[in-house]
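Trainee: One structure, as structure tokens, below. Some questions next.
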Amino acid sequence: MVPAEDEKSLPLPERWPRASKFALSACAAAVAELVTFPLDLTKTRLQIQGEAAVRGGGAAAGPAAPYRGMLRTAAGIVQEEGVLKLWQGATPAVYRHIVYSGVRMVAYEHLRDSVLGRAEDESFPFWKAVIGGMSAGAIGQFFASPTDLVKVQMQMEGKRKLEGKPLRFRGVHHAFMKILSEGGIRGLWAGWVPNVQRAALVNMGDLTTYDSVKHFLLLNTPLVDNSVTHSVASGCSGLVAAVLGTPADVVKTRIMNQPRDMQGRGLLYKSSMDCLIQTVQGEGFMSLYKGFVPTWMRMAPWSLVFWLTYEQIRRLCGVSSF
């Protein structure tokens, strides 16, 4: 035990290591989210257009969807709604990443260093990294699910305005309160199952790949623990995360954006599996990869900005490298 007087003289990262890591990862995630958010908005619009379940119910009968493809979707948003609309929903997205990234990073390091344990040569076996990454992602996303729900629904407000539909929310606080009043606590966690499933897959790609590639490079190549190594590892993690996470992301987005009854139950899909089946049957298997290009184009720079920022601010604050 460290005496109370000596403990007070220690730097903050040593006195409160988990709280410090939470704060540092939240800061890095906020920077990465703001830089890449327009690609997230474009991806969400792409995933919503052409929903087979809506068309089948006749709710979307009428003119064809105005957007086709990533570039035309982004250009259409700018032309019809304004440049700033590319950041519509950014506030809850930043809130979400403060919770999500903070929890997942602390959880993964705790699992890696204290629960699962490293090998004798300080490497972390791949199977343990998979378990740690999926578990950390699922835990972080469960706590952040309400903010993700608000983000998705606010991203669709511009499209509702163009379609002549009334706007649902006046702001982030109003969105939270309206969802809570209409669906209760259960309504705030609408879509949490596919959300958690997606986060587990994404973090198997992100955390697992980054940690495994980084330490493989350090142990087996002349590369040292610097920005070059971090860049290579983050590039690999962004690609793998996009491949693994896009299908679950499509399902999550559709479930979160669907209308709900007074009990918070979805009117279009009964469950994530029902949404998956309807999507594949109505639009084909490749519809599960709607928005893959902007997802990957967002995850690659997001991962690069996040990991470079996170590693650097850890170093500046006296915290050991991830």
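Note: Cβ is positioned from N, Cα and C throughout, glycine not excepted.
TrEMBL: automatically predicted annotations, no manual curation.
Found this in TrEMBL, in case it helps:
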- 20-114: repeat 'Solcar' (REPEAT)
- 124-216: repeat 'Solcar' (REPEAT)
- 225-316: repeat 'Solcar' (REPEAT)
Trainee: Can you break down the repeat 'Solcar' (124-216) into helix, strand and coil residue counts using DSSP?
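Mentor: So the counts come to 77 helix, 0 strand, 16 coil.
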Trainee: The repeat 'Solcar' (225-316): mean pLDDT?
Mentor: 85
